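Participant: Sharing the features that Swiss-Prot gives for it:
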| type | residues | note |
| --- | --- | --- |
| BINDING | 47, 73, 74, 75, 94, 125, 141 | S-adenosyl-L-methionine binding site |
């Protein structure tokens with residue numbers, strides 16, 4: 001998730017994001033996520049798309065036990081934390097500026113005997129991808145929103161995906177450009193809208209690389 005600096009405009013409708021922390025319960029764990037809108041902006045608060053994806057992972061029988069998982073644009077790290085609590089080996093990523101913030105949330109919410117299954121790494125989409133391998137699951141919550149990042153995000157998906165990889169994208173489709181990105185993905189991936197939460201207007205999309213004969 002891109003780091004956007006704090007501005008005063010429009011934040012009155014986003015009062016909950018100004019709380020220094022947010023509490024949740026997933027996988028029978030009480031999770032306390034620190035937030036820092038003022039310093040890190042949209043990357044440092046919990047958005048609806050992250051909550052919907054966490055609920056989906058827990059309630060829809062997604063088998064993450066011992067799977068390799070990477071979260072892109074992790075922001076607060078909530079999705080990656082829940083994936084780890086579900087038994088996955090998780091790499092939680094965002095830009096360099098978010099690293100210490102992410103590590104703090106991971107340390108606060110992952111049991112000490114499970115910390116070895118979680119790594120926090122900087123990943124700028126489209127750059128230094130050779131440092132990363134493929135993963136069983138690639139997760140992203142509200143990462144489809146800056147059009148200038150779309151080519152790099154698509155390149156990152158392609159690098160991280162094998163034929164068996166599953167991408168789960170949770171997003172509120174606010175603008176035409178969001179739909180356009182999904183169309184870009186369809187050139188390389190099969191995509192299905194697998195879940196819709198009407199209360200938050202958030203969709204979850206499941207994507208997998210097309211078989212070579214389909215390209």
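Glycine is treated like the rest: Cβ placed from N, Cα and C.
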Participant: For a quick check of packing: other C-beta atoms within 10 Å of the C-beta of residue 74 (S-adenosyl-L-methionine binding site), how many?
Facilitator: 32
Participant: Over the residue list 47, 73, 74, 75, 94, 125, 141, recorded for S-adenosyl-L-methionine, what is the maximum interresidue Cα distance in Å?
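Facilitator: Looking at 47, 73, 74, 75, 94, 125, 141 as a set, their Cα atoms extend up to 21 Å apart.
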Participant: Tell me which residues of the chain lie with their Cβ under 8 angstroms from that of residue 47 (S-adenosyl-L-methionine binding site), as long as they are six or more apart in sequence?
Facilitator: 75, 141, 142
Participant: Quick one: of 73, 94, 141, which of the binding-site residues has the smallest count of other CB atoms within 10 A?
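Facilitator: Least crowded of the binding-site residues 73, 94, 141, by Cβ count within 10 Å, is 73.
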Participant: Just name the most isolated of the binding-site residues 75, 125, going by other Cβ atoms within 10 Å of its Cβ.
Facilitator: 125
Participant: When DSSP states are folded down to helix, strand and coil, where does residue 94 (S-adenosyl-L-methionine binding site) land?
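Facilitator: The three-state answer is strand.
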